[in-house]
Each structure stands twice: as C-alpha cells, then as structure tokens.
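S.K.: A single structure is presented below for examination.
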Amino acid sequence: MKIESYPDTSSSIEHLTRMGWNAHFQARAESLAGDGASPARVVGVSKNSFRLGDGQSEWLASLAGRLKHEADGARPVTGDWVMARDSLISGVLERQNVLSRGASGARGSQNARPRHEQVIAANLDAVFIVCGLDRDYNPRRLERYLTLVYNCGLNPVIVLTKADLHDDPTLFVGEVEELALGVPIHLVSAADDDGLVALAPYLSPGRTVTMVGSSGAGKSTLVNRLFGRAVQLTGAISNHVGKGKHTTTSRDLIVMPQGGMLIDNPGIREIAFWEVDSGVESVFPEIEKLALGCRFADCSHINEPGCRVLEAVASGELAEGRLENYRKMKREMEYLAQRQHKSAERVEKERWKDVALQVKALKKRR
Ligand SMILES: Nc1nc2c(ncn2[C@@H]2O[C@H](COP(=O)(O)OP(=O)(O)O)[C@@H](O)[C@H]2O)c(=O)[nH]1
Ligand SMILES: [Mg+2]
Ligand SMILES: [Zn+2]
C-alpha cells in the first residue's frame, strides 16, 4: 500500500542513492535479494509497523515472522536499510553505524543501571546535538552527549539554537568551545533563520544527520525552518500528541530540500551509555594530559597527594564541575566495561559447556 508517491523519471538506483544507498548496502543486498525483495529505507517506526521509503514512494510494512523473534537490538530503527517485498520486511542490512544508548528497566530514575541497548537511529553521517539557549542550556549535559556520540564512533556537531533570546549569544559559543574541543559549533535561531545556512553542508545529497537533545530544545522547529515549511509538530502540540500514543506511523526521517536527510527524535530524557569506547578520553583530552603528571599512575584525582589534576582545579585552570563530570562518566564506563567483560566470560563458559557435552556424547557413542 503506497501512502505517498512522487512522479519522477530517474532510475530506482538514483533514487536509492539520494536516500543514502551505497556500495556497502549494495554488497549486503545481493545476498538477500532472492524472493523478489528490494531495498528500502526505514523512515518511521511505531510499535507494530514501519514506514519505508525508496526515494519514490513511502508505504507501511511489517516484519516477517522470523524477524519478530530477533533480539531487540536487531529490530529495524529509523535509518536502517531493509529488504522488503510489498508490505513485508524480510531482512535488515548490516548497519554502517548506530547511535545507541543504555536503557534501564525503570523509567525516569536517573541513576538506574542500563539493562539493555536502545538504538536511536542507524547509518548516520553526523549527529546534531541540539541545545536551546534557554533553560535547556547545560554545559555538563553537552559533555555527556558528546561522550555518547563519540562512544558510538560518530561525528558530533553542536547546534546552539534560540540565539534570538540573547543580546550577545556568542558568549555561549565561547564557553562551549572550551568544553567541546575541535567540535563544530553552530549558533542558530529558528525564529529568524540566523545561522541556518551553515547547516546546509551537513545535509548535502545522500547524507543523513540525526538530532539529539532534550524535549523542548527546538529540534522540530529547526527541521521546519530548514525545510521551509511545517513538516514536524512543534512545542506544546507535539508533547500533547505524544509519539507513543500515535497509532499511525509518523515520519522521523525527512528528505530535505537541501538533498540530505534529517532525523528528528523525540527528546531523550536520560542519557545513559551503552557502548564503551574512548568517548570520555576524546571529550576531556586536557584532563587525560594533566593526569600523566599525577604521582600515581592509577590516581583517581579525588584526594591523592601529588595529583596534577587537583592542582589544576585549585589554580582555576580546570573547572571543578568538568572534573566531576569526567570522573562520573569514567566510573560509568568502568561499570559497563566490567559487566560486558563478565557477560563475555559467561558466553565463553556456555561454549565450553557445549563442547563438554559434545565430547561426552562422542564418548558414549564409542
Ligand atoms: N525564541 C525561540 N524559540 C524557539 C526557537 N526554536 C524553537 N523555539 C520554541 O521552543 C519550543 C520547543 O520547540 P520544539 O521544536 O518543539 O522542540 P523539540 O522538542 O526539541 O522538538 C517551541 O515553543 C518553539 O516555538 C528559536 O530559535 N527561538
Ligand atoms: Mg520535537
Ligand atoms: Zn590525579
């Protein structure tokens, strides 16, 4: 069932390329192409259905029976490439990357340990960390988002929006530059289009960008402004309608007039980590460098003598809040790494148990 189609004369591969199709997916699709299925990109997800697009039309589809039983992490997300025949998805193509976070069972509790992975979006060229220059502005939260994005091996771009609320919004840029070394920072306003042209290069044809940020940061307003008309619900209305309650699948991945694609996300309430990588080290390079000067190699920079990091805090060279945030995220990474190590050990044990059983069976047969 097509819900939308656009008349066009170019070939289907050209349309797919515009949606981000490339050699990586082409190679994977060939092995799955069998039963007349063809590639499409997931542009929206709801509980039981997926909105697919191939650059020519959009339609709703559901998962083939055997895919329904796959682990949660394998369920298609917005940005995924799938093989589909009519309204049935028969396979998900290996992702090039994903933005994912940890999700705890208990909703809302800030310090709950993450229990499973929640994939936010797949196959991305950049992540816009959107922060409103109102009460949403929070340097420590920006550091957390940066760590999350780096841990997933993705490219962060900071978008400071609602610049129109301040006489001199560049003060914020100065502060953010110090905490986000080497990260592109863009000051924009969706109220008067200020700075928006600078975002166009991220949205060149075939490229996909996802946005993250709190609810109310100004993400959907930004989509609408960049698009040139209202394609996403904003403000009070969007909160009221509430994504989860929607019965029809709404579109999250939007093909923009600039040629690229922008994924709007509902606000993330809790930024929990899942992937363990060197995100913390990338976000806090100056602390890592200072730590080399500590007397003890395993210094925790809390109260050790000869701690170079604490010296830097005392002299005003390093902000205490930044150090605290660094330590907190380090601890979270250690916890995750330990647990993943443990579950790897368990897998290994299970494997040996299997081998032992097989050996036993062999012996019996003799
Ligand atoms: N002054 C001002 N308000 C904005 C701007 N962008 C968004 N807003 C307002 O911020 C609120 C939340 O915006 P919305 O786009 O729905 O945020 P989202 O939850 O991140 O999608 C709405 O009331 C918008 O009108 C901006 O650039 N300037
Ligand atoms: Mg929104
Ligand atoms: Zn130290």
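Glycine residues also receive a Cβ, built from the backbone N, Cα and C atoms like all the rest.
TrEMBL: automatically predicted annotations, no manual curation.
Residues annotated as domain 'CP-type G' in TrEMBL: 116-271. The domain 'EngC GTPase' annotation in TrEMBL covers 122-269. Look at TrEMBL and you will find T161, K162, A163, D164, G213, S214, S215, G216, A217, G218, K219, S220, T221 tagged as GTP binding site. For C294, C299, H301, C307, the entry in TrEMBL reads Zn(2+) binding site.
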S.K.: Measure from the CA atom of C299 (Zn(2+) binding site) to the CA atom of A217 (GTP binding site) and give the result in Å, rounded to a whole number.
M.R.: 38
S.K.: Rank aside, I only need the closest one: which of the binding-site residues C299, H301, C307 has its C-alpha nearest to that of T221 (GTP binding site)?
M.R.: H301
S.K.: Quick check on the domain 'EngC GTPase' (122-269): DSSP residue counts for helix, strand, coil, in that order please.
M.R.: 53 helix, 28 strand, 67 coil
S.K.: With a 10 Å radius around each C-beta, find which of these binding-site residues (K219, H301) has the fewest other C-beta atoms nearby.
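M.R.: If we count Cβ atoms within 10 Å for the binding-site residues K219, H301, the smallest count is at H301.
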S.K.: On the 0 to 100 pLDDT scale, where does the domain 'CP-type G' (116-271) sit on average?
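M.R.: Mean pLDDT across the domain 'CP-type G' (116-271) comes out at 90.
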S.K.: Using DSSP, would you call C294 (Zn(2+) binding site) helix, strand or coil?
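M.R.: Reduced to three states, the DSSP call for C294 (Zn(2+) binding site) is coil.
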S.K.: Here the binding-site residues are A163, C294; which one has the lowest number of other Cβ atoms no more than 10 Å from its Cβ?
M.R.: C294
